[in-house]
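Heads up: the structure comes next, in structure tokens.
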Amino acid sequence: MSSDQEMAIFGEAAPYLRKSEKERIEAQNRPFDAKTSVFVAEPKESFVKGTVQSREGGKVTVKTEAGATLTVKEDQVFPMNPPKYDKIEDMAMMTHLHEPAVLYNLKERYAAWMIYTYSGLFCVTVNPYKWLPVYNAEVVTAYRGKKRQEAPPHIFSISDNAYQFMLTDRENQSILITGESGAGKTVNTKRVIQYFATIAVTGDKKKEEVTSGKIQGTLEDQIISANPLLEAFGNAKTVRNDNSSRFGKFIRIHFGTTGKLASADIETYLLEKSRVTFQLKAERSYHIFYQIMSNKKPDLIEMLLITTNPYDYAFVSQGEITVPSIDDQEELIATDSAIDILGFTSDERVSIYKLTGAVMHYGNMKFKQKQREEQAEPDGTEVADKAAYLQSLNSADLLKALCYPRVKVGNEFVTKGQTVQQVYNAVGALAKAVYEKMFLWMVTRINQQLDTKQPRQYFIGVLDIAGFEIFDFNSLEQLCINFTNEKLQQFFNHHMFVLEQEEYKKEGIEWEFIDFGMDLAACIELIEKPMGIFSILEEECMFPKATDTSFKNKLYEQHLGKSNNFQKPKPAKGKVEAHFSLIHYAGTVDYNIGGWLDKNKDPLNETVVGLYQKSAMKTLANLFSGATAAEAEAGGGKKGGKKKGSSFQTVSALFRENLNKLMTNLRSTHPHFVRCIIPNETKTPGAMEHELVLHQLRCNGVLEGIRICRKGFPSRILYADFKQRYKVLNASAIPEGQFIDSKKASEKLLGSIDVDHTQYKFGHTKVFFKAGLLGLLEEMRDDKLAQLITRTQARCRGFLARVEYQKMVERRESIFCIQYNIRAFMNVKHWPWMKLYFKIKPLLKSAETEKEMANMKEEFEKTKESLAKAEAKRKELEEKMVALMQEKNDLQLQVQAEADSLADAEERCDQLIKTKIQLEAKIKEVTERAEDEEEINAELTAKKRKLEDECSELKKDIDDLELTLAKVEKEKHATENKVKNLTEEMAGLDETIAKLTKEKKALQEAHQQTLDDLQAEEDKVNTLTKAKIKLEQQVDDLEGSLEQEKKIRMDLERAKRKLEGDLKLAQESTMDIENDKQQLDEKLKKKEFEMSNLQSKIEDEQALAMQLQKKIKELQARIEELEEEIEAERASRAKAEKQRSDLSRELEEISERLEEAGGATSAQIEMNKKREAEFQKMRRDLEEATLQHEATAATLRKKHADSVAELGEQIDNLQRVKQKLEKEKSEMKMEIDDLASNMETVSKAKGNLEKMCRTLEDQVSELKTKEEEQQRLINDLTAQRARLQTESGEYSRQLDEKDSLVSQLSRGKLAFTQQIEELKRQLEEEIKAKSALAHALQSARHDCDLLREQYEEEQEGKAELQRAMSKANSEVAQWRTKYETDAIQRTEELEEAKKKLAQRLQDAEEHVEAVNAKCASLEKTKQRLQNEVEDLMIDVERTNAACAALDKKQRNFDKILAEWKQKYEETHAELEASQKESRSLSTELFKIKNAYEESLDQLETLKRENKNLQQEISDLTEQIAEGGKRIHELEKIKKQVEQEKTELQAALEEAEASLEHEEGKILRIQLELNQVKSEIDRKIAEKDEEIDQLKRNHIRVVESMQSTLDAEIRSRNDAIRLKKKMEGDLNEMEIQLNHANRMAAEALRNYRNTQGILKDTQIHLDDALRGQEDLKEQLAMVERRANLLQAEIEELRATLEQTERSRKIAEQELLDASERVQLLHTQNTSLINTKKKLETDISQIQGEMEDIIQEARNAEEKAKKAITDAAMMAEELKKEQDTSAHLERMKKNMEQTVKDLQHRLDEAEQLALKGGKKQIQKLEARVRELEGEVESEQKHNIETVKSLRKHERRVKELTYQTEEDRKNVLRLQDLVDKLQAKVKAYKRQAEEAEEQSNVNLSKFRKLQHELEEAEERADIAESQVNKLRVKSREVHTKIISEE
């Protein structure tokens, strides 16, 4: 016991952990009468304290503490322990150990709130139902590193012991916290996790990851936070517990090599999902529902569309809605915080809450029945709308899927009607499935977060699983939970009791086996063994017409009255009906089987599951992502068949699989047990119900554990350790200087000590002590050490006293001497001579003293100086030391940094290598593109030079034309009289303008549509341009950094190679040493184990020999009598065998017919029913025959037993039999050696199989990786194809200048959209085909697993057969007869052998464990061997059946193999044809692509010409505006407007002609496109058909993959050659793909240039349209002005006539003549002004000609790609030159005419002065003639311009044609790329199929070889059996002859 000072470290928890010293002293001093103080049995309280009053006649009268007097029997009175044992911490230490002592010890400790108590090797805890301060941080610190006996009992002590064991023993640990529901298991689990998270912190923070803006917690925080989240979604209130875990969890906490936390993971078991939709009255659903509705977070209420009243929701309000001990609001905050700490994203958090809310809404969905129909229909859609909204589904689709689900019938899907109840059941199933899958997904996410990827070595597992449950209504969930607790209790018993006693047996300790009455095998076998409850349940689930009633009848038929643990319950009033009862270790439970079949199959509405998979909520879609495929394969089961092939896996099978995994994990660890106890049913703190606690103590094995500790030997020490430690007790017993064995020394030592010699035993390696004896030895050792130390101290004290005494004697003598001298001095000090001496003496020594002082001063100075120097030197050295230490630290930091930088550099080096490879590929691509661009540039340069030469010639011609035009313009003044004609023509122009206005509106609408499309494309182009610029910058940066990194990389590589070499050498040496060490350790352990086994077997067989000597003679005497009975039995057996074979044959025929007819019509189903009835009848007949044979065998066995009893004393030939037995013993030893070697062979084979399994798993992962890469490649190609198609559509839309073109291209776009949909459908089909391939691969793996399991079972069966046959001897024939008869009864089990192979493997393992535990005596050995013979005979038959099945399967494989080979050759031929066609298409694509590029250039030229035309229109508009400003020169302006109008009309006519031509061309191109498209579609369809055929072939190939065994090796060489050829083709296609990528990039650049040009063109088009509007307004204004001028002209004409008359009247008058001269002078001045204006116009026209020259230069650029038209253009140029020469001649004539006109004008002026009227009229006539000539010349010029424009249009047509050709090239290139991608994908699939077939081939051959070996061993075993029979007969005949 610790003192109060030692307990002070526990702080305020100390009073709750251990009694104080004062209480312990008071307890020891309390009066106590051991004779009268007792516990007495009492009906109400079970046991009470009392005092014995009297004892008479076996009766005891006891007075209780309450004052009552009881008279009971002696066995109902139990003595009390002394007061010092009150509240003892380890109940195994009590003097009197019985039920009342344990009960009251727990009760008294519980009353003092000490809730933890040790009970032998485990800990008992009682639920306090209140908070106690025993889990604080200071308590954790106090328990850290403490041994169990050094600290009070506590869960922290158990945890620390497990932690220390893990570190010291290097073994995984587990803590099993078990008990009934409500006992406190979950709380203790949390405390264990809290302890580990505190003591094993990593010391540094986990990397903080930012997820959705939130920072995650450390690993310790996350481990602790996992509990609140799991409790919110997995805990609920039950009748016995407010916070009951409705799921089991096994938490593994992983630790690193230093003992620090590394990671954690959680495995969950058996979530009670039925609680989501149903609760009892006193219970409630999971906490999360009520937390959300607590209104702590109103935003959740709003988001989930719910209220705060739980009664509004049917699923969560069937029981209670509040729990007093739980604050739902605070718990919601804790849950939300845990979600943050565990790193869930915001989307995941919202999804969790939304799915939870959707489950609540599901419960409120209402449905009703249609009138006059059974069909259900929704009763309102509001709730469904909310649920669908929360799950991102369509409400109408959800309701339709619920009411009208689609089910698969054969190969088709049909719509099925649902009744109202069926719909409600489906809704409930969906709600439970969503909640369960969400819970499992959360656990997976938590595990991902807790997996830190740190190195981990060992783990400590904490098991917290639902406790034993007994409710009013117990269903399948309760059976699973109780069965789990039953298995755990069995594990506890096995570990605590059986292993303990096996240890004694192994050590040779004599030990009486204790029967604890806790053998749970009967109940467990009733549930899980073949024909058990689970087996019958799964069998019923396979029959479509099975019901709960048929299930109950089968249970009754199989178990009622045959198993003591299975009973029929008694009906109870007021309770739900129960169908059967099971007697568990904790009590009898009544089970209701209602709905068990549906629960076990767990069906879901597949239509709704399909909606879930397509949900926009990613979390929901992920939860059900694999449901459809799994269910389709599983045949409607909950999970896809993992190990059962095509059969579905039920809930019970999945549960048993998980339970077996859990038990396997537990068996691989060192367990620590914690037992939780419920003190009372009312949850009252401090109260304890005696009967309840006693029941738990009995059922939990607590009392039995204490008893075995007391009766056993819990303390054990190795002999060497015992000798070393306790030699001090009697050193004389072990002689010094003489070697003596440690065991003998320990025996002598214990024999010489005064202890009870019955309290210890000597084993082979250890000495064993009963409880308490080791403590006594420790006390004796302490006493002995105290004596020795006392003696040592006495001698030391004596020695010190003698030393001190000697010193005292010496001091006394010194004092005597001093006293004598002082007395003498006192006598002589007054003498005169003495006084003189005193005066002179100092003077004599003063000189010497002065010298000495001077010397001393000098020495002092020197010493001082040296001291200063030393001090300075010391300081200097200290400074140096500090500097060196700092430098050392810096160097250490530098070394660490360099190590880190080296690691980083290595990572960067790897990344740079990858980057370098990528950049080299990019550089290579860029280099190739640059070379192509250089070639193109050189070609363009040559063309440019040639065109420049041609341009210079054209410039000369244009200069001549300019001179001619300048001269022509000078003649404009002669055209003034054409104003009238212009006025008439303007009316026609108005009509034309009106038409153009209408056309303009139509163009504006089309233009607006084009602008919208153009804007979208510009945005895309801008984005791509930015991305391109950014990528180019990145490439430049990477190229710059690459050079720097190369240098660093070279240095790092040299260092890395050196380090890698050193590391490799060190690792190899380390691995060699470790391997040698492990091998030696394993050999040593194995030898020790074999030695101990052989020793025990020798002893057993010695006893066996003695008994066999007695029994053999009895058996041999009885053999003769039994042989006669055997002959009769053989006759009956032959008859039964014949019947069995007939029935088996009929049964096989019926089974084959049933399998062939499975999925047939109703008539076939009826026939199956009849056959099943016949089968049942045959089975009953068979069972009756079996019962008869069993009765006969029982009679024989009874007779045999009687004869054995009668002949028991007839023993005479004992010695001869003994010699024979010794000989047989030696033979058995040899057989044991053979069996050991066989076991080693089996273990090696098992290891090889495990390696093979791992290799297959690696191959599967590689296949998955390849499949993902193929999928990514397909996605990239699809995206590229879609992008190119989009660009093609955009190019088409850019040419939409008219409404009609827009409609046509829209139809083209629709066609492209349909084509894209078709391609998507094709892609989906390919994906489905790949998924089918994956499923086929998975099924192949399943078949492989089944074969491997069959092989392992066969191996085990053979080994067990050999062991059994070596010991069965003469009884084999009799037992074989019995078990062959039993085999008839198990025909049905043989039919289900494939399904139950995995279960039999587990049974075999448990059987091996049972065999090892039951070798105590000969009778048990004989019984065990008989059981093994029985099982092995069944296994032999099953093995033969399996062999036959394998032979049949082999023949099928051979057939399928031949089919595959033929299909493979066909596929290869088709693949070569496809490759040839692909190459030809690629060549065509390249040609078309070149033509397409030329077309793009022509399109660019066309756009520039359009721009120039718009510029010309703009210039003309400006000229018209200038003409409007000169009203006073109306005639000249009219002439100019007429000319401009003519030009505009010509331009408009030309535009109309061009437009009509363009429309015709577009229609023609559209037709060509349609033709090309139809051709491509046809080719695509052909390729699709080929691809579909290939896919079908490949699907058949994959389905028959198991058949590609022997033929694949022969075709491997051909496949390798084909692979090389395909790789060459692949390289060619990759080159073509790179070229196509370059062409695509160039097309993208051209597209961007075209977009820029189109944008400029659009701007100019807008300006032209605005100018056209202005022109229209100006024309109207000019028309009005022309009318005014016409009126003025008429007035002038009238005035002229009047003047003429006046001139005739006053001709002689001078004044009139003078006025006339003045008028002529004015006219002359006007003509001079007109001349100047014409000169100005000529200068303007010259400027326009300069613009024309610029346009000609632009035309040079346009002619880059039109070299083919050069000849035509040259001819046209020649014609133009002729025209120009003609115009030159005309120009000269005109100049001459102008001179003549000038001369005539002068003469006219002179004549005008003279008044020559006739001359003026002649001049006017001449002017008209000249104007006519000028007009004809203008017309000729206009025709010339039209001809030139026609040629330009021809050039544009050629450009456009080239562009269209280039587009076609791109389309064909896309098609070729897609076909190449498909060819590559199928090539990879073929390679993968080949690899898989090779793997399967090797596996099959290996299995076949192993099967042959097994058959050989079986033959050997049969031969041994025959030998044994012969030997038995010989022995029998010898005995008879001797008698």
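Any Cβ shown, glycine's included, is placed from N, Cα and C.
Under the heading ATP binding site, Swiss-Prot lists G179, E180, S181, G182, A183, G184, K185, T186. A 10 Å cutoff on Cβ-Cβ distances gives T186 (ATP binding site) a total of 24 other Cβ atoms nearby, all chains included.
According to Swiss-Prot, the feature coiled coil maps to 843-1939, an assignment based on sequence analysis.
Under DSSP, residues within the domain 'Myosin N-terminal SH3-like' (33-82) fall into helix, strand and coil as 3 helix, 31 strand, 16 coil. For 33-82, the entry in Swiss-Prot reads domain 'Myosin N-terminal SH3-like', with the evidence type sequence analysis.
Among the features that Swiss-Prot reports, domain 'Myosin motor' is placed at 86-782.
What Swiss-Prot records for T69 (among others) is phosphothreonine.
Feature annotation from Swiss-Prot assigns pros-methylhistidine to H757; the stated evidence is similarity to another entry. Around the Cβ of H757 (pros-methylhistidine), 10 further Cβ atoms fall within 10 Å across all displayed protein chains.
Taken from Swiss-Prot, the feature phosphoserine covers S1092 (among others). Sequence-distant neighbours of S1092 (phosphoserine): residues of the same chain at least 6 apart with a C-beta under 8 Å from its C-beta are K506, H764. Annotation note: S1092 (phosphoserine) sits in a helical segment as assigned by DSSP.
For S1096 (among others), the entry in Swiss-Prot reads phosphoserine. A simple way to gauge crowding: the CB of S1096 (phosphoserine) has 16 other CB atoms within 10 angstroms, across all the protein chains here.
Annotation source Swiss-Prot lists phosphoserine at S1237 (among others), citing similarity to another entry.
Among the features that Swiss-Prot reports, phosphoserine is placed at S1243 (among others), with the record citing similarity to another entry.
According to Swiss-Prot, the feature phosphothreonine maps to T1255 (among others), an assignment based on similarity to another entry. Counting every protein chain shown, the Cβ of T1255 (phosphothreonine) has 13 other Cβ atoms within 10 Å. T1255 (phosphothreonine) falls within a helical segment according to DSSP.
According to DSSP, S1261 (phosphoserine) sits within a helical segment. Among the features that Swiss-Prot reports, phosphoserine is placed at S1261 (among others).
Marked as phosphoserine by Swiss-Prot: S1292 (among others).
Per Swiss-Prot, phosphoserine is recorded for S1474 (among others), and the stated evidence type is similarity to another entry.
What Swiss-Prot lists as phosphoserine is S1554 (among others), and the listing cites similarity to another entry.
Taken from Swiss-Prot, the feature phosphoserine applies to S1574 (among others), supported by similarity to another entry. S1574 (phosphoserine) carries a helical DSSP state (H, G or I). The Cβ of S1574 (phosphoserine) has 10 neighbouring Cβ atoms from other residues within 10 Å, across all protein chains displayed.
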Averaged over the domain 'Myosin motor' (86-782), the pLDDT of the predicted model comes to 84
With the fewest other Cβ atoms within 10 Å, the residue among the recorded positions T69, S181 is T69
Cα nearest G182 (ATP binding site) among modified residues (T69, H757, T1255) -> T69
One should report the C-alpha separation between K185 (ATP binding site) and S1261 (phosphoserine), rounded to whole angstrom, as 40
Going by C-beta under 8 A and a gap of 6 or more residues, the same-chain neighbours of G184 (ATP binding site) are T125, N127, C676
As a whole number of Å, the Cα atom of H757 (pros-methylhistidine) is distant from the Cα atom of E180 (ATP binding site) by 42
Check: min Cα-Cα distance from T186 (ATP binding site) over modified residues T69, S1096, T1255, S1574 goes to T1255
Rounded Cα distance in angstrom between S1261 (phosphoserine) and S1096 (phosphoserine) is 49
Students should find that the Cα atoms of T1255 (phosphothreonine) and G179 (ATP binding site) sit apart, in Å rounded to an integer, by 43
Around the Cβ of A183 (ATP binding site), other Cβ atoms within 10 Å, all chains included, total 25
As a whole number of Å, the Cα atom of S181 (ATP binding site) is distant from the Cα atom of T69 (phosphothreonine) by 38
Whole-Å Cα distance, S1574 (phosphoserine) to G179 (ATP binding site), is 77
Quick note, E180 (ATP binding site) and S1096 (phosphoserine): C-alpha atoms separated, nearest Å, by 40
DSSP, reduced to three states, assigns G184 (ATP binding site) to coil
By Cα geometry, the one of the recorded positions (T69, G179, A183) nearest S1096 (phosphoserine) is G179
Whole-Å Cα distance, G179 (ATP binding site) to T69 (phosphothreonine), is 37
Spacing of the two Cα atoms, A183 (ATP binding site) and T69 (phosphothreonine), in whole angstrom, works out to 35
